[in-house]
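A.B. asks: Below is one structure. I have some questions about it.
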Amino acid sequence: MDRRNIEKPLIYLTGFMGAGKTTIGAELGANCHLPVVDTDQIIVQTYKQTISEMFQLHGEPYFRKAEESILTKLSKRTAPTIVTTGGGIIMRKQNRQKMKQSGIIIYLHCDFNIIMQRLQQDTSRPLLQQHNRKSFSELFLTRLKHYLECDYVIDTTYKSVSTIVKEICFILNRTDHIGDPHIIGSEG
């Protein structure tokens with residue numbers, strides 16, 4: 001796939017924690033021969049703290065400001081790049097605007113119950129530690145309306161990474177890839 005002449009060279013993968021953004025992004029990058037950057041990893045490298053430490057020491061607003069700062073820098077890239085985002089990046093309007101202006105946004109949707117199964121033993125996610133199942137479900141639903149505004153929605157529930165990557169490649173190879181949200185591979 002040749003994205004050199006595309007006005008919006010960035011490919012943003014977003015979705016709730018546990019949807020597979022990092023794993024799918026790495027596989028997509030290898031498949032498409034494109035660099036992959038992860039906003040959370042860049043934050044950790046830049047601020048020399050884990051996400052959990054940032055939440056504990058400074059609070060979520062501090063983290064969200066750092067996240068926005070990193071996104072601002074990334075959104076100025078002109079070389080085709082896959083950007084895997086933190087799940088909450090979509091909540092700030094200015095972040096959504098930057099992403100829309102600089103690339104296409106693909107929402108990786110996963111059933112909430114499957115996400116909970118995947119994350120049961122994960123202690124590295126501060127928001128998961130701060131919420132019970134009910135409030136975590138509410139967080140998921142709050143973000144969902146913004147996720148559904150993305151350029152594309154891919155249902156990842158019960159799919160292999162290779163199947164999801166093929167679906168994303170199909171999107172990226174289309175010439176009319178910007179416009180109304182499209183749901184790819186939805187079972188419902």
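Counting begins at 1 with the first residue displayed.
Cβ coordinates come from backbone N, Cα and C, glycine included.
Quick paste from TrEMBL:
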type    : residues                           : note
BINDING : G18, A19, G20, K21, T22, T23, R125 : ATP binding site
BINDING : T22                                : Mg(2+) binding site
BINDING : D40, R64, G87, R143                : substrate binding site
A.B. asks: Can you see whether DSSP assigns T22 (ATP binding site) to helix, strand or coil?
C.D. replies: helix
A.B. asks: If we count other C-beta atoms within 10 Å, could you say which of the binding-site residues K21, R64, R143 has the fewest?
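C.D. replies: Across K21, R64, R143, these binding-site residues, the one with fewest Cβ atoms within 10 Å is R64.
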A.B. asks: List the Cα distance (Å, whole number) between R143 (substrate binding site) and A19 (ATP binding site).
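C.D. replies: Each residue's Cα considered, R143 (substrate binding site) and A19 (ATP binding site) end up 13 Å apart.
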A.B. asks: Measure from the CA atom of T22 (ATP binding site) to the CA atom of R64 (substrate binding site) and give the result in Å, rounded to a whole number.
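C.D. replies: Checking the Cα atoms of R64 (substrate binding site) and T22 (ATP binding site) gives a distance of 19 Å.
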A.B. asks: Can you tell me the CA-to-CA distance separating G18 (ATP binding site) and D40 (substrate binding site), as a whole number of Å?
C.D. replies: 14
A.B. asks: List the Cα distance (Å, whole number) between T23 (ATP binding site) and D40 (substrate binding site).
C.D. replies: 13
A.B. asks: CB neighbours of G87 (substrate binding site) within 10 A?
C.D. replies: 22
A.B. asks: Taking only the Cα atoms, work out how far G87 (substrate binding site) lies from A19 (ATP binding site), in Å, as a whole number.
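C.D. replies: Distance between the two Cα atoms comes out at 9 Å.
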